[in-house]
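Okay, so here's the structure we're looking at.
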């Protein structure tokens, strides 16, 4: 970009900053409102700053709902989800990239085609099937049904195809078997792909709402988004300070994690083109 | 997808052993993914087709009704309204959201230090849809405490009851949807913009082309595969919208917020009409497939692929 650089850059910066402020506004409003009491909400709804500041909303929200437990639930479910998805889809990707077998091409297309089915289409039968397994109102319903991930297989297959085949042949001459090659050569060489995919799967699992809403009843099993929606549903619509302090409790740790790893996270989701959707 | 994902080059030559026939190993490596897919996707899909043909409340006997559930849904006022609401949502969010994202991405590509803005725009993408919905619920509320309408009132304007008025609620949902998905589309378009050779832009500039002209004649056409791909994804995801809407507005109290997925959820998990719910879900699947097919057909006419 050359011509009239100074004026151009200034105008661009100004409009992008304005847009950025609009993006930031809801978060800022959440934080400020989370320190307001009901009285202020009633008397002066457009005031920006809390007066008086009411930090008590935070301990109140934490006392009313088991957010600590919900964090643990969300964390370990997402971790298991990531581990299972990465391992099994890397295995499948390896088979599609490196093993010749009958029907490989057709199976791969069928694999990708299943991606077209929205999860909402199968939710009722899935519920009935998981009820037969005895998995309803249990975390198993959140961990296993989302492991099959054709998109992940597709992405990792691209990465595996870029690993030099000579590496594998050298290992083969040294007497390594398929599994050793997969575990010792292929996986370490596709670490960037696994990292990117891991982030995407983690975020999708952490933020998921539909599955917990359908499958969980007990409040001690709730994940963070589910608990948050139950908390908001159970409080008077006017106690925004309390509701938004609960929102802040649920959001701030993820936002901090995002700010620390933002480059990796943004690049991972951009490269995938699909994000968590 | 190929338009966005960087496709690493194929290996120079296929190794002999690495690509020998090895069905047994293939089975072992594919086994887990195939098993999960069969149990949690293929089996439920088949079961959904079966359920859509019967009348069943989960307890009594199943009565075969043929295509009765489908005709019932397609003539049901609630379902048709849900289809219309879903369509309206897509018609607002997809063009507005993508146009804004293209403009912002083009702006970011033209400045130094764009990373800061990229982070700002991306923050809502990593925020859970429930938290997003709650924050906006407070902003859009119309009970004398909502910040948006209270602020408008200060300027003598009377804002609509965003979340309560069936005519306005789709606009409210669209605002929240565009806000929360903007960042993702921006970074995808930024990645697309990076594939445009700077020499072309430079040459056009030397020839005296204005920025607007360059945007229209170079940037947009060269970005069209990415725009096409994002359109498909955006339409499909607005068809499947549920989480944010369900928390933001109570669709049980506001008919304007009832989308197809809400109907599926309500018929299945509130009314226990498993047959009707499955029929509605399969209609959603068919609509998704149809829209995708139409878009791929349109792609041939409007999308410019280089070389």
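Quick reminder: no glycine exception, Cβ is built from N, Cα and C everywhere.
Just so it is clear, the model here is predicted, and its values are computed rather than measured.
Annotation source TrEMBL lists domain 'ABC transmembrane type-1' at B:83-295.
Residues or ranges marked as transmembrane segment in TrEMBL: B:23-50 (among others).
The feature transmembrane segment is assigned by TrEMBL to B:89-108 (among others). Within its own chain, the transmembrane segment (B:89-108) is flanked in space by residues 114, 117-118, 121, 170-171, 173-174, 177-178, 181-182, 185-190, 192-193, 215, 219-220, 223, 227, 230-231, 234-235, 238-239, 241, 259, which lie at least six positions past its ends and keep a Cβ under 8 Å from the stretch.
Tertiary neighbourhood of the transmembrane segment (B:120-139): same-chain residues 104, 146-148, 163, 172, 175-176, 179-184, 186-187, 243-248, selected by CB-CB distance under 8 Å and a gap of 6+ residues from either end. As annotated by TrEMBL, transmembrane segment applies to B:120-139 (among others).
Counting residues 6+ beyond its ends, the transmembrane segment (B:168-193) has Cβ neighbours under 8 Å at 3-4, 85, 88-89, 92-93, 96-98, 100-102, 104-106, 108-109, 114, 118, 121-125, 127, 129, 132-133, 136, 140, 160-162, 219, 223, 225-227, 230, 234, 237-238, 241, 244-245, 248-249, 254, 256-257 in the same chain. The feature transmembrane segment is assigned by TrEMBL to B:168-193 (among others).
Cβ atoms under 8 Å from those of the transmembrane segment (B:214-239) belong to residues 1, 3-4, 86, 89-90, 93-94, 97-98, 101-102, 106, 177, 181, 185, 188-189, 191-193, 195-196, 200-201, 204-205, 260-261, 284, 287-288, 291-292, 295-296, 299, 302-306 of the same chain, restricted to positions at least 6 beyond its ends. Residues annotated as transmembrane segment in TrEMBL: B:214-239 (among others).
Under the heading transmembrane segment, TrEMBL lists B:274-298 (among others).
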